[in-house]
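> According to Swiss-Prot:
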{"type": "MOD_RES", "residues": "A2", "note": "N-acetylalanine"}
{"type": "MOD_RES", "residues": "S27", "note": "phosphoserine"}
{"type": "BINDING", "residues": "49-56, G104, 185-193, G239, R254", "note": "GTP binding site"}
{"type": "REGION", "residues": "49-56", "note": "region 'G1 motif'"}
{"type": "COILED", "residues": "321-407", "note": "coiled coil"}
{"type": "MOD_RES", "residues": "K367", "note": "N6-acetyllysine"}
{"type": "REGION", "residues": "403-434", "note": "region 'Disordered'"}
{"type": "COMPBIAS", "residues": "407-417", "note": "compositional bias 'Low complexity'"}
{"type": "MOD_RES", "residues": "S416", "note": "phosphoserine"}
{"type": "MOD_RES", "residues": "T418", "note": "phosphothreonine"}
Amino acid sequence: MAAADIARQVGEDCRTVPLAGHVGFDSLPDQLVNKSVSQGFCFNILCVGETGLGKSTLMDTLFNTKFEGEPATHTQPGVQLQSNTYDLQESNVGLKLTIVSTVGFGDQINKEDSYKPIVEFIDAQFEAYLQEELKIRRVLHSYHDSRIHVCLYFIAPTGHSLKSLDLVTMKKLDSKVNIIPVIAKSDAISKSELAKFKIKITSELVSNGVQIYQFPTDDESVSEINGTMNAHLPFAVVGSTEEVKIGNKMMRARQYPWGTVQVENEAHCDFVKLREMLIRVNMEDLREQTHARHYELYRRCKLEEMGFKDTDPDSKPFSLQETYEAKRNEFLGELQKKEEEMRQMFVQRVKEKEAELKEAEKELHEKFDRLKKLHQEEKKKLEDKKKCLDEEMNAFKQRKAAAELLQSQGSQAGGSQTLKRDKEKKNNPWLCIE
């Protein structure tokens with residue numbers, strides 16, 4: 001493009017200013033490329049599918065390498081997500097590739113909640129990136145972006161229809177990640193069955209409202225090939241790292257008693273189509289879609305939950321400061337309301353406690369009066385008994401004194417008579433003879 005043809009747009013009323021000579025900002029694309037190459041790229045793939053569908057083998061085949069990883073155990077009660085990151089180099093371009101596998105997916109008897117760990121994992125990566133964005137001191141240029149850029153959903157080659165587990169899982173994931181469905185081990189069914197199976201899968205996805213990733217057609221440079229490849233979805237793939245000699249060439253293939261399936265032969269499977277669409281043509285679009293669509297949706301929902309918004313009820317622009325002040329005032333209002341409620345509750349409880357204490361005090365007074373009355377009655381009874389006892393004792397003493405007096409008088413009278421007799425005997429001796 002000539003320098004005179006370059007224009008800078010500022011708005012609808014901007015002017016086109018021709019340049020008198022070379023300025024140099026036509027090198028911006030080169031600067032961007034050089035900077036991007038020096039920083040490297042990251043790409044994160046989520047492989048979802050039942051055990052034994054060849055997920056690890058397909059990853060090895062896609063990147064033409066043997067990824068070392070810990071062998072997965074399938075004895076877990078639920079679905080476990082296993083993440084492995086690898087540094088790859090092709091020419092002078094570095095790629096930090098993360099492969100996340102769903103260990104144990106579809107192994108449970110009750111598969112109702114099999115999708116939940118996957119959704120939680122994807123949301124956790126979004127949340128980690130959001131927290132990094134919200135920091136005061138951000139280091140996004142060196143932050144390892146772990147957001148999932150594409151989900152390769154492996155469909156079992158049944159030849160009939162999608163399983164309920166597949167439909168439910170893809171429906172839960174389609175708003176969170178770019179889904180590319182693939183028919184795993186497609187050499188297990190015939191070509192005619194495979195063609196019908198593809199049509200059936202596409203029909204079921206549409207009827208159930210599952211939104212899978214569509215290769216973009218708005219870029220003229222790739223619109224034709226992407227439009228063609230959209231018609232081939234879902235891709236029927238075969239993976240193999242084994243090289244077989246076919247003719248004079250060594251090719252990756254799978255050998256069977258009835259023949260050989262060449263992985264990179266488009267007449268045998270769609271592996272080449274998948275590799276072209278996933279890596280060579282649309283890798284950057286997958287990264288952009290993840291950030292601009294899925295992450296933005298998550299970010300918007302989280303910020304709305306936190307009370308942030310772009311416009312007020314009258315659809316007028318609402319700045320971050322205004323949002324903060326509104327949220328702060330709302331929080332203070334809620335705090336004051338809570339304080340008032342707590343104060344009222346405290347006052348009410350104090351009143352209730354006072355009423356309880358007054359009632360208890362009243363009961364105690366009544367009990368005290370009752371006991372006091374009983375005590376007085378008992379005291380009066382005892383005093384009456386004591387009075388009666390004193391009267392009886394006085395009467396007894398009087399009777400005793402009277403008896404002693406009578407006894408004393410009787411003794412005195414008897415003594416007088418005896419003396420009188422003795423005197424008479426002395427004076428009259430004949431009385432003694434008697």
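Just so you know, glycine gets a Cβ as well, placed from its N, Cα and C.
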> Counting by DSSP, what is the helix, strand and coil composition of the region 'G1 motif' (49-56)?
2 helix, 0 strand, 6 coil
> If I restrict to non-local contacts, at least six residues apart, and a C-beta distance under 8 angstroms, what lies near S27 (phosphoserine) in its own chain?
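Non-local contacts for S27 (phosphoserine): none found.
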> Which residue, of the binding-site residues G49, G52, G239, has its CB surrounded by the fewest other CB atoms within 10 A?
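Among the binding-site residues G49, G52, G239, the sparsest Cβ neighbourhood within 10 Å belongs to G52.
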> Determine the mean pLDDT over the coiled coil (321-407), rounding to the nearest whole number.
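Average per-residue pLDDT within the coiled coil (321-407): 89.
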> Three-state secondary structure of K185 (GTP binding site) from DSSP?
coil
> Tell me, how many other CB atoms lie within 10 A of the CB of K55 (GTP binding site), whichever protein chain they belong to?
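Excluding its own Cβ, K55 (GTP binding site) sees 23 Cβ atoms within 10 Å.
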> Are there any residues in the same chain, six or more apart in sequence, whose C-beta is under 8 angstroms from the C-beta of A188 (GTP binding site), and if so which?
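Non-local contacts for A188 (GTP binding site): P157.
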> Around the Cβ of K367 (N6-acetyllysine), how many other Cβ atoms lie within 10 Å? Please give the count over every shown protein chain.
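Other Cβ atoms within 10 Å of K367 (N6-acetyllysine): 10.
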> Since the record lists K185, K191 as binding-site residues, which of them has the fewest other Cβ atoms within 10 Å of its Cβ?
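Minimum Cβ neighbour count within 10 Å, taken over the binding-site residues K185, K191, occurs at K191.
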